[in-house]
Amino acid sequence: MKNDFMNQKSKLYIFIIGVLIAIFFILKHYFIGSLLIITYGILIAYNTRISKITKNEWERIIEDFSSKIDASTRNILLNSPFALTLVGAEGDILWYNQGFFNIINKNDILGKRLNQVIEDKNINKIIAAEKSTIKYIKVNNKYYNVVSSVNDSSTNIKDKIILLYFYDVTNEVEISEKLNQRKTTIILIEVDNIDDVLKTTEENKALLLSAEIERTIKTYAQNINSVAIKYSSNKYMLVTYFENIKKEMEKNFQILDEIREIRSGNELAVTLSVGVGCDGSTPVENYELAMTAKELALSRGGDQVVVKINDKLQFFGGTTKEVEKRTKVRARVIAHALVNLINESSNIYIMGHSNLDIDSLGAAIGIYSVVKSLEKEGYIILDKVSSGIEKPMERLKITHQYDKTFITGEKAIAALDKNSLLILVDVNSRDYVHNNHILEKVSRMVIIDHHRKSTESIEGALLSYVEPYASSTCELVTEMLQYMIDNPKQYVSSIAAEMLMAGIYIDTKNFYFKTGVRTFEAAAYLRQLGADMIDVKKMFAGQLETYLKRAEIISEAEVNNDIAIAICPPDIRDNVLAAQVADELLNITGVQASFVLAKIEGEVFISGRSFGNINVQVILEVLGGGGHMTIAGAKLKNVSIEEAKEQLQKAIYKYLREGEEE
């Protein structure tokens with residue numbers, strides 16, 4: 001075993017000085033060259049002495065260790081079938097047997113740090129004595145368990161010697177992996193828009209269409225070696241192995257595209273909501289995981305697959321725009337259920353998301369009007385007035401109708417009891433609620449929102465009305481008002497109607513984004529209640545300074561692959577302004593999507609906008625955000641704005657690459 005005790009940096013210095021000596025003598029700088037020769041000699045002498053001392057020290061350590069074991073033990077160590085190595089307190093390799101050499105298959109490792117020879121980061125834990133056994137250390141495509149035995153009889157910690165045993169468990173790992181791959185997995189498939197599709201299909205072709213859908217799903221089941229059971233007119237259950245699901249995940253579940261391409265007289269594309277349950281301890285648990293995943297896929301707008309592996313969620317698809325639902329049955333059912341819950345409650349608290357916007361405020365005012373009409377005690381929780389609602393709050397203040405409506409989260413927590421009801425509007429993720437402490441204290445909760453659900457969606461609500469097809473939460477609340485209040489003009493003031501109208505107006509970008517028939521119906525209803533569009537327009541009239549700031553940010557935007565990215569200067573700490581800039585960037589020819597970043601109070605906010613052919617929601621979901629295909633946002637903590645931009649660019653690249661592969 002060859003050993004080299006000279007420091008690598010010293011070798012480099014000696015080489016450099018040697019080259020300099022040659023250069024100076026060639027240039028006839030003999031004096032400087034002579035000085036360098038002296039330095040060269042001193043450095044060689046110093047390194048030779050240090051190397052000798054180091055070598056002697058290591059020999060002393062080995063001899064000291066050898067003196068403590070007898071000849072038979074030494075023989076066992078040398079000829080052990082296990083791979084063995086001795087390392088010092090700092091992880092320096094002092095000795096190893098042939099078995100260890102066969103594992104590493106490298107020369108000149110004596111004296112090197114063990115973590116330089118074995119790259120697995122867990123090896124450091126055993127050197128630091130954090131663990132006496134480390135499992136599944138990977139070395140050259142094989143797996144080993146490592147057990148340590150420490151000789152710490154010396155009082156000097158530097159004299160500590162660690163004997164490491166490596167034994168091959170590659171077969172165990174491979175068998176375990178095979179067993180995992182053969183685990184039973186449940187897939188639940190629902191044709192989520194079958195009613196709408198059949199309504200737009202000629203009657204004589206409807207049966208043919210249904211047969212084509214069933215044939216496509218059953219062919220898919222055969223292709224992934226699964227058993228398929230149709231348990232309802234539009235629902236299927238598939239049972240297969242996890243290894244087949246892994247392959248499907250790599251292919252982004254092509255069944256979504258195959259089913260969408262069906263053309264048998266249908267005007268609308270057929271879409272699926274699929275839930276996959278994996279890694280449960282029993283088939284029943286996998287079924288429950290799959291059911292939860294499918295419900296999440298449905299609540300996010302359908303046309304997607306949600307894979308739930310225990311507590312981890314992965315999303316695939318979701319590339320089509322949400323189709324507006326033509327029936328208001330669900331709105332009526334939810335409205336009646338909410339009235340019952342309000343009547344059963346001692347007090348009601350309404351809360352939106354952090355950095356409240358007009359959609360959240362307008363929806364809260366609308367629900368507050370319902371609470372007052374039922375003669376119940378109700379409040380809107382507001383800890384801080386964000387820049388996006390400063391003018392609307394001024395309008396409310398002038399009327400004096402809402403002087404006692406708004407309270408802080410601290411006061412709300414103090415007044416909570418077991419019969420209190422919390423109604424969340426325009427938010428369904430715990431990371432974005434206005435006050436997280438209230439969420440932890442309350443036991444009865446209702447959610448009304450139009451954003452797609454994410455991995456951080458709030459669970460356990462008594463009532464959840466999450467409809468991604470809707471333009472805004474104000475649209476949903478306006479529809480519900482019609483079924484909750486008998487005499488709306490008496491209880492819904494013109495200013496309340498104006499706030500609801502403003503929420504729809506802003507979220508639809510002046511009624512041209514995500515605007516459906518029901519959006520205009522809601523706007524018409526609010527107009528009847530006294531909402532004035534001129535007043536709404538004035539409420540959001542901008543200052544000259546704001547326009548100049550927007551122009552400044554836009555001028556620095558970068559455009560690649562039809563996607564614009566802009567960063568707000570450090571003096572601009574307004575996420576509403578960032579959102580406005582994202583909207584403005586779409587007015588530039590060739591820009592199909594835009595992202596604007598702003599750093600506010602140590603957090604980086606990202607606003608994303610698109611025309612729909614680029615899914616900003618899928619992109620920002622990678623960064624922990626969410627929203628809709630055309631409007632989305634994300635909030636990053638503990639990162640600089642440059643780091644956030646880099647993460648965003650990686651997410652965009654990933655999205656574009658996956659799109660090319662499809």
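Backbone N, Cα and C atoms are what each Cβ position is placed from, and that goes for glycine too.
Some features that TrEMBL has for this protein:
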- 12-43: transmembrane segment (TRANSMEM)
- 182-310: domain 'GGDEF' (DOMAIN)
- His353, Asp357, Asp426: Mn(2+) 1 binding site (BINDING)
- Asp359, Asp426, His450, Asp507: Mn(2+) 2 binding site (BINDING)
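All features noted in TrEMBL, drawn onto the structure.
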| residue | record | DSSP (3 states) |
| --- | --- | --- |
| His353 | Mn(2+) 1 binding site | strand |
| Asp359 | Mn(2+) 2 binding site | helix |
| Asp426 | Mn(2+) 1 binding site | coil |
| His450 | Mn(2+) 2 binding site | coil |
| Asp507 | Mn(2+) 2 binding site | helix |
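Each of the binding-site residues Asp357, Asp359, Asp426, Asp507 was scored by other CB atoms within 10 A of its CB, and the lowest score goes to Asp357. Within 10 Å of His450 (Mn(2+) 2 binding site), counting C-alpha to C-alpha distances, fall the following of the binding-site residues His353, Asp357, Asp426: Asp426. In the structure shown, the C-beta of His450 has more C-beta neighbours within 10 angstroms than that of any other entry among the binding-site residues His353, His450.
Note: the domain 'GGDEF' (182-310) comprises 59 helix, 34 strand, 36 coil (DSSP; helix = H, G, I, strand = E, B). For the Mn(2+) 1 site, the Cβ centre of His353, Asp357, Asp426 serves as reference, and the other residues of the chain with Cβ at most 8 Å from it are Gly352, Asn355, Leu356, Asp359, Ser360, Leu361, Val425, Val427, Tyr432, Thr473.
Cα of Asp359 (Mn(2+) 2 binding site) to Cα of Asp426 (Mn(2+) 1 binding site): a distance of 7 Å. One way to see the shell of the Mn(2+) 2 site is to take the Cβ centroid of Asp359, Asp426, His450, Asp507; the remaining same-chain residues with a Cβ within 8 Å of it are Asp357, Ser360, Ala363, Asp449, His451, Ala470, Ser471, Ser472, Thr473, Cys474, Glu475, Gly503.
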